[in-house]
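Database features, via Swiss-Prot:
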{"type": "BINDING", "residues": "Tyr23, Gly49, Ile50, Ala51, Lys52, Ser53, Leu54, Glu196", "note": "ADP binding site"}
Amino acid sequence: MAHPHLLAERISRLSSALEKGLYERSHAIRLCLLAALSGESVFLLGPPGIAKSLIARRLKFAFQRARAFEYLMTRFSTPEEVFGPLSIQALKDEGRYERLTTGYLPEAEIVFLDEIWKAGPAILNTLLTAINERHFRNGAFEEKIPMRLLVAASNELPEADSSLEALYDRMLIRLWLDKVQDKANFRSMLVNQQDESDNPVPASLQVSDEEYQQWQKDIGAISLPDPIFELIFTLRQQLDNLPNAPYVSDRRWKKAIRLLQASAFFSGRDAVAPIDLILLKDCLWYDAQSLNLMQQQLEILMTGHAWQQQAMLTRLGGIVQRRLQLQQQQSDKTAFTVIKEGGMFSRRPHYTLPPEASASTLTLLLQKPLKLHDMEVIHITFDRSALELWLTKGGEIRGKLNGIGFAQTLNMEVDNAQHLVVRDISLQGTRLALPGAAEDSMPAEIKQQLETLENDWRQQHTRFSEQQHCLFIHSDWLGRIEASLQDVGEQIRQAQQC
């Protein structure tokens, strides 16, 4: 078996070759290739003339030896046109019911069925067995069919509660395509002279039958780690609790997990990673409403939980709360405390300064800076005698803001804990403390917790960086996930700097 990274590079080059001359169809080609390499089915929804059939034809060139079959369904289509005509000779000579399948669906590796919902019950029933079991009943015999990829297409969805739902449920990947939108791409498409029937894939990139069979075994060996299962189960629970969520059968979940294993395998990994889960948005929707819903739910999962973003923010919130508690405790210890001396007949308590405040002028620090008289203030200088008079009799108190200029009127009070509190115009308050009493450094407990959290964040970011190289995921998703992780990292850094 090729080295995992060499295999991933080969599949990437194979996809690039298949995409040549197809504009704004890279994602569709890549998912169809993933489906072909893992033996799954694809449904393409979109208006006529947007290269749905060409996508299917291209996939034939991914393999060294692959036969293709395509058919446009109508209400009058018969099983003979899809599965092959009856052998008149076998019926006449031996009385045996047998179809001549050469050149028809039972002998094709790549199958494209356009306007699939117009097929009649006889075709649909046989097709269900072919998709489910990869077998075709030809007369008295069960024949194994080599189909690796079924691409079904239509410009409409099947009607709800119709007989078509069983077939629709078998189509694991569902892609909603539209016309070419970008101006430059539209021009390139108009002037492109490439023959659509040409093989754009070098022989060295094409997949042999032996490789394909071996890869099916290797895909099954890709592990599903417990944290990834928890994410999947969380998504399943979220969908079950939403009133308008699509019904997702257990069969579809199981097939979707195999697709995630294939994504991991062809990305050079030995286990499913969170990045692979984005593929579920193309597997679990049913109609336009559920398509948007799946997009929203996957975004919540990817930007909030897949790399522990929300869990880290919750931890950060707890650390910040603990820090505030410690700061409050420290504030209580370091705040400037006056002595209460209420007289026997005094209705108003009065206070005196503590012995350590013996200087003629006192400079007290604000435990938290405030804006006073249009100035950012970090300390206030008081005349000791004026402060003593205010503590005894009340009235107006003045102090020099940051120790400069004239003394300014202050909104100051003594709180219940006998601490001096100064307030700004919005009544935001902070306690005052003697210089040297305030502890500005971050508590060791908080510093350690923030360092641990930052290390955990770095590990998650490294995991994302290592796993983000996935051919089958659109780059827009990578940008949103990176932004969510950077936001968490920035909040941690801000907390460390406070």
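Using N, Cα and C of the backbone, Cβ positions are placed for all residues, glycine too.
For Lys52 (ADP binding site), the same-chain residues that are 6 or more apart in sequence and have a Cβ closer than 8 Å to its Cβ are Leu44, Gly46, Asp114, Val151, Ala153, Leu177. With all protein chains in the displayed structure included, the most crowded Cβ environment within 10 Å among the binding-site residues Ile50, Leu54 is that of Ile50. In the three-state DSSP classification, Glu196 (ADP binding site) falls within coil.
Neighbour count (other Cβ atoms within 10 Å of the Cβ, all protein chains): 18 for Ser53 (ADP binding site). Between the two most distant C-alpha atoms of the annotated ADP binders (Tyr23, Gly49, Ile50, Ala51, Lys52, Ser53, Leu54, Glu196) there are 14 Å.
Long-range Cβ proximity for Ala51 (ADP binding site), meaning a same-chain Cβ under 8 A and a gap of 6 or more residues, is found for Leu22, Arg25. Cβ contacts within 10 Å of Tyr23 (ADP binding site), excluding its own Cβ and spanning all protein chains shown: 18.
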